[in-house]
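Below: one structure, written as structure tokens.
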């Protein structure tokens, strides 16, 4: 009570449960005997679930029982046997396929999973695979499409009955030998069962590596299309754009455009910068109007010295500037021009970090000096009797401040601020104002000194006059004789 199935991948032996499922086993044995299963496709392979075959049409909707062969279309199907109940517990269980009305025809399935309880009571178990489980495993691992149809044909080439306990029904036509397959049977529209799937046969190692690289690139492109990074997996980068790397951080867009413009008109030249700091990332993209100009620049400019750096030039592999509408959409030349116009428009909003700071915010040192000047002038008015050393200290303070100012000038020059000349004139103006204030202070002090000297000299002169008058009065009050004696003594 066993049958040998010769498949395109190997032989499989099935033992039948003739006592538990006599009608199903009779149907299966007699169909094998009339070579009904020869060249049938395995048309449904669901990994770790089932392998389905037995339909001569290969669609899964055909096939009839042996009783239909004997008694006509009215007997194409027979009732399912449900008693005793046999479960789909192990791999290799063989069952007749239910056509939806608890009836069976010619199709059967082989399980490739364990404990498939949801098949119990639906499909009738009538045998199991005892030999050839390795072949069942190969079939289980074959590649299939979305409908679970194998890409390469797997067929039952021949069936051999090893033991048949049932008598042949009358009028059963048994062929003398296996019939030849028809063209319709072999033409499935897929890879033939006898075809070798070897793309690398007869190719050199270099060609094999190239084919593998192309397949890997194609796979990655499809993956990028799936995640939305590419409009189409078959899209190609533009052939008029150059990629330039190993640039000096000080190299600007204008510098590169001037250097590369000698090869032809340039549409755009962009040095890629960090979005947050604005610093150059040392690579750029240059788009030419003509592909010929791009090729000339590629051959001439590689390894050229620019700003003390040896640059590297290659054709761009980026499609970042390509605009598409929706996933997998195509783009036109007009769409590309519209995209360029949108990129050239100035943004309506400016990031706070990119706004130029006001002029006052860059001169904290000058503002501090002005505050010190106002403070010193206020103290000068309140204390006019300060010594001359105060003026000298102010001059020394100015001399000490000059290096700071020069340092700031160097810093602003390095930062590249264009309005440095205005800031320098502002500095000179403030310096002249301070010099005027210092001169005014010195003049006021000199006037105070002159006034003090004149007042002291005047008071001394008045004191001398007063003493003279007083001495005259004393002389008058004395006797004439004494005065005469005194005068005589003078002339002695």
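Don't overthink the numbers, they just go from 1 along the chain as shown.
Just so it is clear, glycine is given a Cβ too, placed from its N, Cα and C backbone atoms.
Counting residues 6+ beyond its ends, the compositional bias 'Basic and acidic residues' (177-187) has Cβ neighbours under 8 Å at 35, 38-39, 56, 158 in the same chain. The compositional bias 'Basic and acidic residues' annotation in Swiss-Prot covers 177-187 (among others).
Annotation comment: Swiss-Prot describes 426-452 (among others) as compositional bias 'Basic and acidic residues'.
Here Swiss-Prot flags 482-492 (among others) as compositional bias 'Basic and acidic residues'.
Listed in sequence order, the residues of the same chain lying 6 or more apart from residue 178 (phosphoserine) and placing their CB within less than 8 Å of its CB are 35, 38, 158. Taken from Swiss-Prot, the feature phosphoserine applies to 178 (among others), supported by a large-scale study or a structure entry.
Its own atom aside, the Cβ of residue 182 (phosphothreonine) has 9 Cβ atoms within 10 angstroms in the protein chains shown. The annotation phosphothreonine is assigned in Swiss-Prot to 182 on the grounds of a large-scale study or a structure entry.
The phosphoserine annotation in Swiss-Prot covers 393 (among others) and is backed by similarity to another entry.
Residues or ranges marked as phosphoserine in Swiss-Prot (evidence: a large-scale study or a structure entry): 471 (among others).
According to Swiss-Prot, the region 'Disordered' annotation covers 167-188 (among others).
Among the features that Swiss-Prot reports, region 'Disordered' is placed at 368-406 (among others).
The region 'Disordered' annotation in Swiss-Prot covers 423-492 (among others).
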Three-state secondary structure of residue 178 (phosphoserine) from DSSP?
coil
